[in-house]
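If you check Swiss-Prot, you get these features:
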- 682-702: compositional bias 'Polar residues' (COMPBIAS)
- 103-263: domain 'PA14' (DOMAIN)
- Asn78: N-linked glycosylation site (CARBOHYD)
- Asn116: N-linked glycosylation site (CARBOHYD)
- Asn222: N-linked glycosylation site (CARBOHYD)
- Asn317: N-linked glycosylation site (CARBOHYD)
- Asn318: N-linked glycosylation site (CARBOHYD)
- Asn371: N-linked glycosylation site (CARBOHYD)
- Asn498: N-linked glycosylation site (CARBOHYD)
- Asn600: N-linked glycosylation site (CARBOHYD)
- 1-19: signal peptide (SIGNAL)
- 20-643: topological domain 'Extracellular' (TOPO_DOM)
- 665-708: topological domain 'Cytoplasmic' (TOPO_DOM)
- 644-664: transmembrane segment (TRANSMEM)
Amino acid sequence: MKYLFIAIILILYCSFTKADQKKFLVNMYDNDPLFSPDFENANGAQTGLVKKKLGSDGKPIPANYDMKDPNGNYYIKNATTFKSWFNEVAGVSILVPFELVLTQTAGSQNYYSYSNTSFFPLNELGWYNPSIKGDYEFKKYQDSNKKEQNFHFCMHASFIMSTNCKEVFKFKGDDDVWVFINDVLVLDIGGVHGVQDGTVDMANLPEKIHDSTNSKLGNCKNGTYPFDFFYCERHTKASNCLFETNMGFTCSYYDYCGICNGKGECCTDVKLNQCYTKKCPLPNSLPNGATNYQDYMTIVPTNTCGGTDKCKIYSCNNSTGCEFKQKSCDDGDKCTKDACDSKTGYCSNIPTNPSVVTSCLKSGCDSTTGNYSTPTNCDDKDPCTIDSCINGQGCVHTKACDDEDPCTTDSCSADGKCTHTAIAKCNSDCPSCPSKKCKITSCSEDSGACNYVDMVFASPSECYKATCDPETEEAIYSPIDSSCDTSDSCFTAQCNLNKTCTRVPAINCDDNNECTTDSCSGGSCSNTAIACDDNDPCTIDTCSPSEGCIFTPIVCEQTSLCNTFTCSVGKCVPTPITCSSSVKCQDSICREGVGCVYFNRTCPPDDDCSSAYCSMETGKCISKAYDPLPFSCQSTAVKVGVGIGAAAAAGIAIGGAVAAGLAIFGGKKAYDTWKTSRGNVMTGSQSNPLYTQNQNNGNNPLYSAPAE
């Protein structure tokens, strides 16, 4: 009798309960061994084929290339072949949308499952679509029942889940399966293999899925996360895909392709020419769920045509692509050497030779001709002097009318004419007197004796005294003050009124470059590069010949919609963007390639016998036991049919199917007690047809009249 009761209870439960469904449009990618060597290789199960974090495109990244099984078969040949697994690649894989229908598990409100032991969703689709197949001759593959099937495909299903770290996801099937939560790998069943199973237990995750540093949280933290399910069928002769979960999968958005949390993969960028591309819009950017993405495509540059040589000016030619011309640093000065620094792009215009200034020479450069060396002009405009320049002293102006006759007086007129007037009683026939170094010889008219007078030389300035060189009888000019010493050829001395000198550069070593320190030593110029270092690793230190040191902050390229990149210790470091909402019961999350998305909060229940919702008053989740409870949540007494009436009389909450069992086996009183405990939803016992009196005045054997 007990077993009959249980059977009736189950029959009634199933008949009174309509299975709920959740439908999600996901992406399938049809491959074929004709194009991809990764398919139809019997290489066995293998973990570690993909990295533990999803790539920036939200797809797995292969971790081992050229890895082979003992028979020499590839697991994954290379990154190029792997790309077609979860991407549409022209001539290799074809994108096909697929409706994944999850069915509520019988006897449980919170569990949903998918079960297919003959999982061939792409038969007559993808490469096997007659309109696409064309002239390709595909090998025909059969299952164990000799039926032709499309075995070679992959699937990516993306959901959003809210967790309190109690949920589970159970999978059973073949071949590759990878599950990522918040982009972190939590289930790895890779390789071509027979049916295998695996479980994601949120309470015991193998990897940390959150960023909190609180060690007490473990690998799971209550919150909302993306859930990505990657599946591949890569080999004959069976295809199984079964999973069950109480993770409340939802979609944060649908892209314009209709895909749950999709990346807009039905849209393909169109290359217009060598320089411009018509780019697809962001997956969730169309207004009001529109699907006409073609109207929202934008034209963007295909090639930035940049290069490492900053002395080249790059541009793009629509026909030929990138081209460049050399940057001009010509300053129009023929006395400079023009150059461009390929690392910085700065121009330098360095003098070809430094300007040399001495007492008698100005070695400058004529910017229009490029000619050098200009003698010092010592012309004093006096016709009565002979103008010359003595190196180290400068200009010397010697009287022009000296006839070297001791018996004449020499003079010069304003027009430069010399006059030599004889000196009276001067004996020019004086006997020959022996010469003496640095002496002027004369003879006395009266005595005929030789007279010697020291040679006197005119000094070029008040700062020098002139003496006679006893060897050459030429003038030697010595500085009166040490400040007038010109032994260093890098300087010349400028005489002051107080008979001291001011040292001024004799050689111009300025190379017109703010990036060098200019100096002179031993008559030679030195131009030493300065060090531009501000000790900040987040600046690019360069030097401009016209401006000197320039410290340019490193600007990090913003390549992500979910991270902001800033410089730290010389590297661009991502900081996650916080997507927050002030609207109660609205959740938010950031998806790479999409940005921030906002959606109604889904609350995880406390257990499998409860449902949860978000309170619009508090914005917090509230978990509440199902009423009536699902059969699986009933007490043992109810499940086995022991003491049914007592259970109802005791006020145990039970469902309609069990209530029907009570009506059959527990008697009307038990049923009435259950009905009363339901809050008088029914108005009377007559609401149950099993307890309605026979309208033909006959006896209903299951009906007992109310006690008087």
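Note that Cβ sites are derived from N, Cα and C of the backbone, with glycine treated the same way.
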Asn222 (N-linked glycosylation site) versus Asn318 (N-linked glycosylation site) - Cα distance in angstrom:
53
Given the glycosylation sites Asn222, Asn317, Asn371, state which is nearest to Asn78 (N-linked glycosylation site) when distance is taken between Cα atoms.
Asn317
Out of Asn116, Asn222, Asn317, Asn600, point to the one nearest Asn498 (N-linked glycosylation site) in space (Cα versus Cα); all of them are glycosylation sites in the record.
Asn317
I'm trying to understand the geometry here, so how far is the Cα atom of Asn222 (N-linked glycosylation site) from the Cα atom of Asn371 (N-linked glycosylation site), in Å to the nearest whole number?
82
Note the mean pLDDT of the topological domain 'Cytoplasmic' (665-708), expressed as a whole number.
42
Taking only the glycosylation sites Asn317, Asn371, Asn600, which one has a CA atom nearest to the CA atom of Asn116 (N-linked glycosylation site)?
Asn600
Sort out for me which one of Asn317, Asn318 has the most neighbouring CB atoms within 10 A, since those are the glycosylation sites we care about.
Asn317
Pop the Cα-Cα gap between Asn600 (N-linked glycosylation site) and Asn317 (N-linked glycosylation site) into the table, whole Å please.
49
List the same-chain residues at least 6 positions away in sequence whose Cβ sits under 8 Å from the Cβ of Asn371 (N-linked glycosylation site), in sequence order, or say none.
Cys365
If you draw a 10 Å sphere around the Cβ of Asn498 (N-linked glycosylation site), how many other Cβ atoms fall inside it, taking every protein chain shown into account?
9
Near Asn600 (N-linked glycosylation site), which residues of its own chain have a C-beta under 8 A away, given they sit six or more steps off in sequence?
Cys585, Gln586, Asp587, Cys614
